[in-house]
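Engineer: One structure follows; several queries about it will come next.
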């Protein structure tokens with residue numbers, strides 16, 4: 001890909017995200033989402049591989065469907081209420097349509113089918129963008145409209161997402177697919193709390209971005225696409241793999257690491273809101289995803305394959321370590337002691 005194309009795509013992504021986040025009018029929010037969709041497609045199809053082209057096609061069709069649903073929802077609401085303001089979504093069928101559209105855009109269960117496939121067909125850096133930056137505009141719209149949406153529907157979507165994210169990740173051997181199901185599970189946690197405490201949703205989203213970025217950049221440095229590659233990368237970059245293990249455990253939500261903070265606060269808030277049943281269910285379901293995080297952490301540091309592999313040996317190209325990795329990893333692991341300071345902002 002030429003530098004000019006890459007620059008235009010990156011600037012368009014920034015522009016689309018900024019337009020959607022800062023807009024109050026439905027048409028402007030929709031425009032920002034469309035710019036985002038069109039900007040990321042060249043980055044997905046960059047490798048010129050049939051799988052990448054397939055991923056780009058799937059992504060375009062799914063996002064176009066979700067955008068059309070969102071536009072239909074806003075037009076229906078405007079027809080019945082005369083309001084184009086995002087925060088004035090009061091017509092019940094429009095709320096239902098918008099929830100569906102945002103669930104499709106984010107990849108919440110049962111509209112998750114496209115997400116692991118698109119991530120698997122994308123390069124690691126594009127997969128990072130799809131898992132983090134591309135989730136920001138739909139999450140912003142969800143935050144602005146959360147007071148109008150159906151709580152029961154959102155809770156159902158969140159429980160289903162956490163369950164499926166954990167269950168489907170158990171049997172995967174491709175790291176991108178595992179991280180895709182991890183993303184679905186984390187989005188479930190965010191959706192569970194969005195009605196009661198939107199700021200806590202944002203905190204969860206920020207910590208998720210922090211940890212996922214660290215993991216993707218580390219895997220991009222070691223060129224890790226499968227668990228078998230992850231097991232052999234220990235001998236090449238032991239220090240990087242050690243920090244990867246800690247970041248994975250943080251993403252799993254184990255204390256005393258950063259990832260424990262949002263889960264602890266979400267369970268506390270749900271208990272305060274007298275939805276102890278939901279808190280118990282999502283806590284139990286998070287044990288499923290804990291298993292595959294532990295499996296990833298185990299593969300990254302402890303095991304070495306007992307037999308030499310029969311496949312062709314990889315050419316030992318050593319990429320320079322990204323300078324962001326040490327800072328992001330430190331934040332992904334060590335933020336829990338700062339939780340009293342973080343809590344003052346919520």
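Using the three backbone atoms N, Cα and C, a Cβ is placed for every residue, glycine included.
Pulled these from TrEMBL:
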DOMAIN    23-289  domain 'NADH:quinone oxidoreductase/Mrp antiporter transmembrane'
DOMAIN    290-343  domain 'NADH dehydrogenase subunit 2 C-terminal'
SIGNAL    1-23  signal peptide
TRANSMEM  56-76  transmembrane segment
TRANSMEM  96-115  transmembrane segment
TRANSMEM  152-171  transmembrane segment
TRANSMEM  178-196  transmembrane segment
TRANSMEM  202-219  transmembrane segment
TRANSMEM  240-261  transmembrane segment
TRANSMEM  281-304  transmembrane segment
TRANSMEM  324-343  transmembrane segment
Engineer: Determine which residues of the chain contact the transmembrane segment (281-304) at the Cβ level, with the cut-off under 8 Å and only residues 6 or more beyond its ends counted.
Structural biologist: 158-159, 162-163, 165-167, 169-170, 172, 175, 178, 181-182, 185, 188-189, 192, 227, 230-235, 241-242, 244-245, 248-249, 251-254, 263, 266-267, 270
Engineer: Give residue numbers and ranges for long-range contacts of the transmembrane segment (202-219): same chain, 6 or more residues beyond its ends, CB-CB under 8 A.
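Structural biologist: Long-range Cβ neighbours of the transmembrane segment (202-219): 124-125, 127-128, 131-132, 135-136, 139, 143, 175, 179, 182-183, 186, 189-190, 193, 225, 230, 240, 243-244, 247-248, 250-251, 258-259, 261-262, 265-266, 322, 324-325, 328-329, 331-332, 335, 342, 346.
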Engineer: State the non-local partners of the signal peptide (1-23) in its own chain: residues 6+ outside its ends, Cβ under 8 Å from one of its Cβ atoms.
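Structural biologist: For the signal peptide (1-23), the far contacts come to 29, 31-40, 42-43, 46, 86, 129, 133, 136-137, 140-141.
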